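Contents: one structure, followed by commentary.
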Amino acid sequence: MRSLLSIILILVASAALIAAVPAGSSITPPPPIEPVQLLSSQPSDSKRPWIRLRDWIIESIWGIPKSRSPGFPSKDAAGRAPPSQVLARYGSDVVLRFQLRDQQEAEALAQATDILFLDVWASTSEFVDIRLAQEVIPSLLGLLPDSLRTAYTPLIDNLSEMIYTSYPTRRPVGLENQPGFSSSIRQSQQFGDLFFRDYQPLSVIVHWMRLMSSMFSSHVRLINVGVSYEGREIPALRLGTSGPNTQDTPRKTVLMVGGSHAREWISTSTVTYVAYQLIAKYGKSRAVTRLLEEFDWVFVPTLNPDGYVYTWESDRLWRKNRQPTSLRFCPGIDLDRAWSFEWDGERTRTNPCSENYAGDEPFEGLESAQLAQWALNETQHHNAEIVAFLDLHSYSQQILYPFSFSCSTMPPTLESLEEVAMGLAKTIRQTTQEVYDVTSACEGIVTAQEQKASKRFFPVGGSSGGSALDWFYHQLHTIYSYQIKLRDRGSYGFLLPSEHIVPTGKEMYNVALRLGQFLVGESAQDIDWSADLMDAPGTSDDGRETDVDLNRDGAGEEGVDSELDAVDEEWELIDWEDEHTYELRK
C-alpha cells in the first residue's frame, strides 16, 4: 500500500510540474485543438475510486476537458476548420495512380506535373500517385502521350471527406472495459495505449515527452536538437543508461527521425511509439535493457514542428516547413531536399511553389541545418558515433538505402546496406505479414530482376538530391542509414486512419530491435531477442524460431567494429572533395 501511495504522489507531482510550462518557453503550443477524449466521458458514479484518481491524473497532465458532447465540434470549440472550409480547400481534389511502362512515359508525366504544379504523393518503381482537382484532369491528360491517357485509376475520390475524418474525433476512447489498477506492467501498457489510439497535436506530444522524462528519469532525458523558424523547440528523447561519455571509445548512438514532411503524421506517431516501447520495457526485457546499455537512442518525433502545427490548424496536406521564400505567397522549404550533400541533385528546383523546393542554397531549410549542426556537435565534441540513422516517412512501405541523389553512384557499403535492409523487411513480413520493398532511394529506378537488367526512369516528383539519408551516410559515415516509408501502399496515402498507428509502430519497434541485435553482435547471444518481437509468430514444429536472424555469419561485436574499420578504408576510394563542394568536413 505504501508503494502504491508513493507512485500516486509521484504522478500527481509530475502532473503539476508538466502543467507549469514557463511563459517564456520557446515551445509555442498551437491554439486549442480537439484533444483525444480519454476518460472523462465515463459516468462518474460507475467509476471506482482508483479509476477516478487515475483519470484525474491523466487529464491534468494532458489538459483534457472534463466533458464533451457527441458529434463534430465547431471551429470555435475545437480550433479546427468546419466542413465548409475543408470543402473549400479540397472539395474537388482526387488522387490518381498512374502505371508507367517505360522511360518516355515517366519523362512525360514528370514534365506535366511540373507544368501544372501538381502534388506528387508517391513515386515508386510500380506507380506514381498524383493529387489534383477534378477540373485539372483534362489538362493533365492533354499533356500526356496516348499510352498514359488510359493508364490511370482513381485512388481516392473523396479526398475532402478523408481529410476531415483524419483528425481526431470527439468519440471517447476511455477505459470502459478495463479494470482498475492491476499490475504495474499492465497499467503502464494501458497508459501507453491511450496515447496511441489517435494522432496527437504537438502540444500533447510535448507534454507526453516531458512526462516520459519525468517518470523514467533513470534512462530517459528530454533534449532539444534545434529551434524551428517560428521559434518552436525541436524536442527529442534520449534513451540510454550512460551519462556524458568521458571514455576514449565513442558512445554509439542510433537516431530515429520523423515528421520531416508535416503531413506524414504516421511517422511522428511511430517515432513516439518505438520510443515508448523501449522506455517501458527497460528493466523488464533483457533485450531492451541491453540495447539501452550498449547505445544511446535519440528519437525526434517531428523535425518540422511548424509545419506539423500548420497541418492541424490550416492545411492537413502541408508538406514543407513554414519558412518564407522569395515568393511571399509560396512559403516553405522541403526539409528532405535542403541538406548540403549533392544539394538539388541532378535537377534544379527554382520554383518556391514546388512541394519539393530545396531553397536557394544548401541548408537554407533551418530545421535541417539545426539537426545537422546537432549531429556534428555530438560527433565532434561529445564523443558520440551515430552508427544507425532511421528516417521515417510515408507512404508506400519501402526500406530505402543510399544514395538518393543518383542511381549511377553506388555506396561503398552497398552489400551491407542491402543485406541488413532485407533482414529488417523479412522481420516485418514474418511478424505482421506486411511487405516492405527494399531498394535504392534514388527516385525512378526500375529493376527487371527476371532479365537481370535495370533501366533508369526520369524522376517523377522532383529532384532527390540534398537528402538527410545521403548526408548522414556520407558526411558522418553512418553505415546503416535508411529512409523507411511506412504504411500504407496508397489506399489512404498520407491520411492513414488512426487504427494503423499501433500496427505500424509495432513494425518499426521490431525493426529497431532487430537492428539493435545486429549492432550488438554475438556478445548477446544468450538473450532471446525473438521473445520481444511484437506480433511475432511462435516456433516451428521442430522448436526452431521462425523469425529472421540478422547476425551475419556469426559476426559479433568485434566483427561489427572491424567492419566499421574496413569501411573507413572504402570511403577513401571515392574522391568526394573535388566533386562535392558543399560538404562541411570534420
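Placement of Cβ uses the backbone N, Cα and C atoms for every residue, glycine included.
Same-site candidate for substrate binding, as annotated by Swiss-Prot with His261, Ala262, Arg263, Glu264, Asp336, Arg337, Ser394, Tyr395, chosen from Arg238, Arg286, Arg290, Arg319: Arg319. Between Cys353 and the candidates Cys330, Cys407, Swiss-Prot annotates a single disulfide bond, the one to Cys330. On the backbone, the CA of Glu264 (Zn(2+) binding site) and the CA of Cys330 (disulfide bond) stand 20 Å apart.
A simple way to gauge crowding: the CB of Cys330 (disulfide bond) has 15 other CB atoms within 10 angstroms, across all the protein chains here. Using a 10 Å radius centred on the Cβ of Cys353 (disulfide bond) and all shown protein chains, the other Cβ atoms total 12. Annotation: no recorded positions among Cys330, Arg337, Cys353, Tyr395 have CA atoms within 10 angstroms of the CA of His261 (Zn(2+) binding site).
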